[in-house]
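> So TrEMBL lists these for the protein:
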| type | residues | note |
| --- | --- | --- |
| BINDING | Gly76, Val79, Asn83, Asn341, Leu470, Ser474 | Na(+) binding site |
| TRANSMEM | 70-88 | transmembrane segment |
| TRANSMEM | 100-121 | transmembrane segment |
| TRANSMEM | 142-169 | transmembrane segment |
| TRANSMEM | 226-247 | transmembrane segment |
| TRANSMEM | 259-282 | transmembrane segment |
| TRANSMEM | 302-323 | transmembrane segment |
| TRANSMEM | 335-356 | transmembrane segment |
| TRANSMEM | 458-483 | transmembrane segment |
| TRANSMEM | 495-513 | transmembrane segment |
| TRANSMEM | 533-550 | transmembrane segment |
| TRANSMEM | 571-594 | transmembrane segment |
| TRANSMEM | 614-639 | transmembrane segment |
Amino acid sequence: MPKNSKVVKRELDDEIIESVKDLLSNEDSSDDAFKKSELMVDDQEEKDVDVEEGLDVEDERPAWNSKLQYILAQVGFSVGLGNVWRFPYLCQKNGGGAYLVPYLILLLIIGIPLFFLELAVGQRIRRGSIGVWNYISPKLGGIGFASCVVCFFVALYYNVIIGWSLFYFSQSFQHPLPWDQCPLVKNASHTFVEPECAKSSATTYYWYREALNISSSLSESGGLNWKMTICLLAAWVMVCLAMIKGIQSSGKIMYFSSLFPYVVLLCFLIRGLLLNGSVDGIRHMFTPKLDIMLEPKVWREAATQVFFALGLGFGGVIAFSSYNKRDNNCHFDAVLVSFINFFTSVLATLVVFAVLGFKANIINEKCVIQNSEKILRLLKMGNLSQYMIPHHINFSSITAEDYNLVYDIIQKVKEEQFDSLGLKSCQIEDELDKAVQGTGLAFIAFTEAMTHFPASPFWSVMFFLMLVNLGLGSMFGTIEGIITPIVDTFKVRKEILTVICCLVAFFIGLIFVQRSGNYFVTMFDDYSATLPLLIVVILENIAVIRIYGIDKFMEDLKDMLGFSPSQYYYYMWKYVSPFVLLCLLVASIVQMGLSPPGYNAWTEDMAMEEFHSYPTWGMIVCISLMVFAILPVPIVFMVRRCSLIDDSSGSLASVSYKRGRIIKEPVNLEGDNTSLIHGKSPSEVPSPNFGKNIYRKQTGSPALDTAPNGRYGIGYLMADMPDMPESDL
């Protein structure tokens, strides 16, 4: 801005105000509505201050109390249950330590750039997802609505997982833990172990029968599980109380919910490293299998994990960053939060494999003892000869190495009859190769390992309290991705909207606490978010880079950050990220088409999971979830394209931010919408019929009027100017 721009600004403003007053003097004194508009113009002139001149302005939009609180909120949102039970599973499945290479590459290519993009647009425009994309291009306003729908779908089942964690947390205050041993069944003659538990394990039985009381199929509802219904209600009450005041209440809770999981993970890591067999688990995790790295599915799963680990497309990232000051260094935030997320995943993986190594060692010891006893019986029966056994072998205290030596000898000597002997190879690696993820890892494998810990109730309490906190941190961001855009757009009270949203979600969420509820959780997890979020983020990239303009966006970043971002982001946003996202979208569609749609159902007779295809109505629900999630995008586009709703008369266009102050513009515009000033002097301007017209930025002074919402406060024109730009950050 030139040095004398402030003087020119004031002179032009004085002319505008004088012009308005001249016009007012010709109006009927009883025109109260127009007098209010005069007061609005004068009041705005007195209070409006140029941000770029560095003057203070009262900011009515809520703001974070500190930068630390904001960082913890973003970390709490991005670091969730997937870091604990999805990332370790992908490492185990996709080559151990070799999996970290494609993950890091894709984090740099799509993770950090897209995370930076969402942080930047939220911070610059200071609105939720609906307002941001409607502001950039009204035709793409459906992107924000699609984000809200996806957030709602995810919140429905994600809070159920928190409810499960609350149930296990409440059951952990007893010794021994209730899932430590199989229950006994008594009849008239004798007592025996529950057959379903004997066929599986104590922790598996407790999860499926005691906790979920699961039905045998999706179609068999079985009624509500009242224990889980109460836990779900408690989870929604916790979320509601934490979110009811917005970031003023949730921000303070972030100090505990975001930091406590790290304390627990570090405690588990230290304790796990002291356990027998933990080193075997960590060695197994970091032993790279480089040949697997060349498989396309490894890169697809790494890209998907990067995508969902940072919470891209949900709207929570945009919502949290919208409460920042415009000069906040969001580039630093993007890099910091992304790498905190990555190192948290690595830390959780170390903990998981240390504990799984301990568990595998215990199972391996049992295997050695059982098969050693079987060898002794075969020796007594004469099926095996004593000369086959090395002299130094002592079966009363045999080690895993000695057993494997005997096993190899018997296998070579009795090659033809070996299968009939029924001996098993007891290898720790075989147990560690059994990939376990999701609820199976948290509520079955991990709980079984903790039963062997000294002071197992304490560790169980800590573990499930950690899961609750991880879940709540992600839920805060997910709910914020729903509440903030709606409050910004429709100007409803946040407290009322939060309570209504939580109540509606709880009652819809009752389908997840039926006896068949676990199958619905799987359905929503597979179909409600993956493809819709990919489409949303692709459209976000296109909206900023193509519709708004990459060059203009880079200039806005320079103005906001105080320095020019690296050209690396320019090429990532413009070329690489859209290409990678499109490839990921195509790969996900192909994978979904090749994989038979279905779920794993628990069969009581066999005490194991069995794959079931979805019934016809189940397939309709799956398809409907994807369609409803992305439907707002074409609907809003067609409504705007065909001008079915006037942009200036709807609620979407009636709210704007002026340096953090929310301005509610009057609607129901009437009268002459021609230009009031157009650079003419007051005497040259005719006296139109004003009615309830509002004033808007003057197009006749391009040197100063650089923002469509008139942020420099230099003159206003009537609404609905045809040359009015649709968007400007």
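The backbone N, Cα and C atoms fix where each Cβ goes, glycine too.
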> For each of the binding-site residues (Asn83, Asn341, Ser474), count the other CB atoms lying within 10 A of its CB, then report the residue with the highest count.
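Checking each of Asn83, Asn341, Ser474, the winner is Ser474.
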> Note down the number of other Cβ atoms within 10 Å of the Cβ of Val79 (Na(+) binding site), including every protein chain shown.
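There are 27 of them.
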> Same chain only, please: residues at least 6 beyond the ends of the transmembrane segment (142-169) with a C-beta under 8 Å from a C-beta of the stretch. Say none if there are none.
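Long-range Cβ neighbours of the transmembrane segment (142-169): 81, 128-134, 211, 227-228, 231-232, 234-236, 238-239, 313-316, 439, 442-443, 447, 460-461, 464-465, 467-468, 471-472, 474-475, 478-479, 481-482, 485-486, 505, 508-509, 512-513, 517, 520-521, 524-525, 528-529, 532-533, 535-536, 539-540, 543, 625, 628-637.
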> Under a criterion of three or more Cβ pairs within a distance under 8 Å and sequence separation of at least 6, are the transmembrane segment (100-121) and the transmembrane segment (335-356) in contact?
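Contact between the transmembrane segment (100-121) and the transmembrane segment (335-356): present.
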> Among the recorded stretches 70-88, 302-323, 458-483, which has the greatest number of Cβ pairs closer than 8 Å to the transmembrane segment (259-282)?
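Most contacts with the transmembrane segment (259-282): 458-483.
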> Give residue numbers and ranges for long-range contacts of the transmembrane segment (70-88): same chain, 6 or more residues beyond its ends, CB-CB under 8 A.
64, 161, 247, 250-251, 254-255, 257-259, 261, 285, 305, 308-311, 316-317, 320-321, 323-324, 333, 336-337, 340-341, 344-345, 348-349, 352-353, 437-439, 441-442, 467, 470-474, 476-478, 480
> Hey, what's the Cβ neighbour count for Leu470 (Na(+) binding site) at 10 Å?
29
> Return the residues near Gly76 (Na(+) binding site), defined as same-chain residues 6+ apart in sequence whose C-beta is under 8 angstroms from its C-beta, sorted by sequence, else 'none'.
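For Gly76 (Na(+) binding site), the qualifying residues are Met254, Ser257, Ser258, Leu472, Gly473, Ser474, Phe476, Gly477.
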> Would you call the transmembrane segment (533-550) and the transmembrane segment (571-594) in contact, using three or more Cβ pairs under 8 Å, pairs 6 or more apart in sequence?
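Between the transmembrane segment (571-594) and the transmembrane segment (533-550), which are separate recorded stretches, there is contact, as judged by 3 or more close Cβ pairs.
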> Determine which residues of the chain contact the transmembrane segment (226-247) at the Cβ level, with the cut-off under 8 Å and only residues 6 or more beyond its ends counted.
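Cβ under 8 Å, 6 or more out: 62-64, 69, 73, 159-160, 162-164, 166-167, 170, 211-212, 253, 320, 323, 472, 475-476, 479-480, 483-484, 494-495, 498-499, 502-503, 505-506, 509-510, 512-513, 517.
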> If you count every Cβ pair below 8 Å, which range out of 302-323, 495-513, 571-594 shares the most with the transmembrane segment (458-483)?
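Answer is 302-323, with the largest number of Cβ pairs below 8 Å.
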> In the same chain, who gets a Cβ under 8 Å from the transmembrane segment (302-323) while lying at least 6 residues past its ends?
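Long-range Cβ neighbours of the transmembrane segment (302-323): 61-64, 70, 73-74, 77-78, 82-83, 86-87, 90, 94, 99, 102-103, 106-107, 110-111, 114-115, 118-123, 125-129, 132, 144, 147-148, 150-151, 154, 247, 330, 333, 337-338, 341, 345, 474, 476-478, 480-485, 488, 529-530, 533-534, 536-537, 540, 580, 584, 588.
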